[in-house]
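Following: one structure in structure tokens, then a few remarks.
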């Protein structure tokens, strides 16, 4: 399997192409994109071997096709794919955030000797476009492969072998399970974050302190509300049934805690918070999950001149790079005055060791 065709060369498609081109130079990487400028940029930075201007010619020669396009667009491509001449045992995958709609074409494509294995690389960036592609974007991130028909098991293995150079952590599951679980850990949190921001905005009109005090931890908690609105509108409707069910469950929890507060039931309110803390504290902290995250370290430093410089100098001496640094003005429940964000959990662990003279901890 030498000929890999990418349909769509944004951040995700470009990063996958960049990885395959760098680590597997024997492959021929081709790409088709409605935005011709993206193709020219990809060719100029060397992450593809050739640009495809005729879609039918591209799919005709491909051994594997990777659709890095929005879910609705991918569905249109899959629906029409059997109308084109393709290689025997063609393997097709995508990079979308929901899978039930995509995998609904699985048996239809199998009947045409096309093997569909859905893909969901759980990594991304606030930046977009092929020029922001990074070959290491998927390191230590979960990469979920999805199929519902056992006849696609071998194709899933081949796809995982191809993508092994991404250093992602592969999980195989069904479309239904994927969409429900990502609804719990990703889609609902995005809705909650946006709701909190709307709540803050509404109250800021009569309470000017809201905007000022929301600059600290509140901004971190609601960071994902700054995600692309077009993308999240599409994700919401492509996972509509699961999201509505989960919102009903969430509403029941909110109604329950409201009732306990109204009745001054201190034991139940305590159980609400302690139960959440217990479960959260058991969650892994060294791996990337469904939500894109920064690997933060909190450092307790005295309010003295030169202390921040001292911390950054120590990290620099150990060749540890950081992605952000923030002085916390509002830090209830947070001991450290300095928040340092690292790009990887490994860098954070090295940072903890390098800063052994300071009190550090992870939330």
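Even glycines carry a Cβ here, placed using N, Cα and C.
Going by Swiss-Prot, these are the annotated features:
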type	residues	note
BINDING	3-33	NAD(+) binding site
DOMAIN	2-291	domain 'Prephenate/arogenate dehydrogenase'
DOMAIN	296-363	domain 'ACT'
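The binding-site residues under consideration are 7, 11, 27, 31. Their Cβ neighbour counts within 10 Å are lowest for 27. Within its own chain, residue 23 (NAD(+) binding site) has 135, 165 as residues 6 or more apart in sequence whose C-beta sits under 8 angstroms from its own. If you count neighbouring Cβ atoms within 10 Å for each of the binding-site residues 3, 15, 19, the highest count belongs to 15.
Restricting the average to the domain 'ACT' (296-363) gives a pLDDT of 78. When secondary structure is read from DSSP and collapsed to three states, residue 23 (NAD(+) binding site) falls in the helix class.
DSSP assigns residue 7 (NAD(+) binding site) to a strand.
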